[in-house]
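Some features that TrEMBL has for this protein:
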- 260-391: domain 'GGDEF' (DOMAIN)
- 12-30: transmembrane segment (TRANSMEM)
- 42-61: transmembrane segment (TRANSMEM)
- 73-94: transmembrane segment (TRANSMEM)
- 101-119: transmembrane segment (TRANSMEM)
- 125-148: transmembrane segment (TRANSMEM)
- 160-178: transmembrane segment (TRANSMEM)
- 198-219: transmembrane segment (TRANSMEM)
Amino acid sequence: MELIRQLDTATLAFVTGLAGLLLAGTMVGIRLAGMRNPALRYWALAGLAAAVGHLLAHWALTFHVAMPRVGSLALANAMVTIVHVSLLAGVRAFLGKPPRWLLLAPLALLTASAGYVAPEAWADMRVRIVVLGFLYLVLDAIAAVLLWRSGSARGERFQFVAASAFGFNAVVLAVRIAHALWRHTPDATFAHEPFQTLVFVLGLVFIAVLTVGLALLMFRDRELELRRLVHRDPLTGLFNRRSLFEHAAREQARCERYGAPLSLIMLDIDAFKSVNDTYGHGAGDDVICETAARVALGLRDVDAAFRLGGEEFLILLPSTGLDDAVAVAERLRQSVSDTPMAPIGRTVTASFGVTELARGHEDWERAMRRADTALYRAKDEGRDRVFAMSAPCNTAPADAVLDVP
Ligand SMILES: Nc1nc2c(ncn2[C@@H]2O[C@H](COP(=O)(O)OP(=O)(O)OP(=O)(O)O)[C@@H](O)[C@H]2O)c(=O)[nH]1
């Protein structure tokens, strides 16, 4: 507490202004490093507003600049409101929601004009703390809840640092409001009073932790994006061939460990060349996408769908035996062929090869070749059907065409 007593508010305003500049600079630096997340510009603006507000205050306090009281209050209120509004808009943009900055920004005008609309009430520091504190508390609490919820939903622990910073500031604001209501409050923002000083210090901690938290969010987001690019097919969003073997080895080990079956479905759109030739390559791509979406919709969370290339896909079905995998393939076959494909206005069909991995770590490539053989048997039998081949050492029924529509 002695340390708090020794700190003077003019210096704290200066340091907080620098922290605002650091926040803005960090966001600009991340942008220059090539990250294009729209949240960066809102968070940079928040840092800039914090810097302008606090550095101006420091300048006025240090050099005893006489500023019209209502005018300086209006400027300070507008700046601090822009800080909180922009932080929330950035969080929304980061989470892929509309930032609503234009909707929120007029709050800065409202807080700036309060001193002109109700000069007597606004001259009372206690009123300002309660009204502004409550507004900032709500904005910060919303940002904290949004980040925390999405962090929990996605298992993203990195989001908890920024969420905690917002939550921490909301609690500080709540305590400040309670203190203003129940205890004596000095009538100037920068009055030298221990609680006031403590609030400044905690504001500085908020900006510092937030800067770290937001930078972490950005780097984590970038890492996830790179991972997505490495593991996903850019056209359909399904996993790509490169990630297949890693995925398959993991699932195979898991299924072996629990004694569970593991099945494969390989599928290929029929006569796709004629789709390209009739409707063009672009429409062909769209058909591939729509097929991928229908396939993905028809699977459980634990299943994984891969685009092997062209119009060929592979599906991994953990804990699924051959008979069940055939039923899944049949359901997918119907979902592909039952309704016309929007990009071309007509239906397409697909053929399916299904197999189950033999127990005892069957060579993965061999199982793939069997699924491929089954697929080409389905094509040979007339397309638009499911063909299953059991693993050689399994006791499952012999190879058979299981569905001839
Ligand atoms: N639009 C589009 N076409 C592709 C893509 N990859 C491969 N193709 C085309 O897909 C067609 C595949 O034709 P084929 O292998 O002859 O097979 P198909 O016409 O589907 O005939 P079947 O498989 O025997 O039923 C070729 O014309 C390729 O050029 C892609 O990413 N986009």
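Heads up, residue numbers simply count up from 1 along the chain you see.
Keep in mind that glycine also has a Cβ here, set from the backbone N, Cα and C atoms.
With pairs at least 6 apart in sequence, the transmembrane segment (198-219) and the transmembrane segment (125-148) have fewer than 3 Cβ pairs within the 8 Å limit; the two do not touch. Within the chain carrying the transmembrane segment (101-119), a Cβ under 8 angstroms from the stretch's Cβ atoms is held by residues 42, 70, 73-75, 77-82, 85-86, 88-89, 131-132, 135, 139, all 6 or more beyond its ends. Remark: secondary structure over the domain 'GGDEF' (260-391) totals 58 helix, 34 strand, 40 coil, with classes taken from DSSP.
Note on the domain 'GGDEF' (260-391): mean pLDDT across this stretch is 95.
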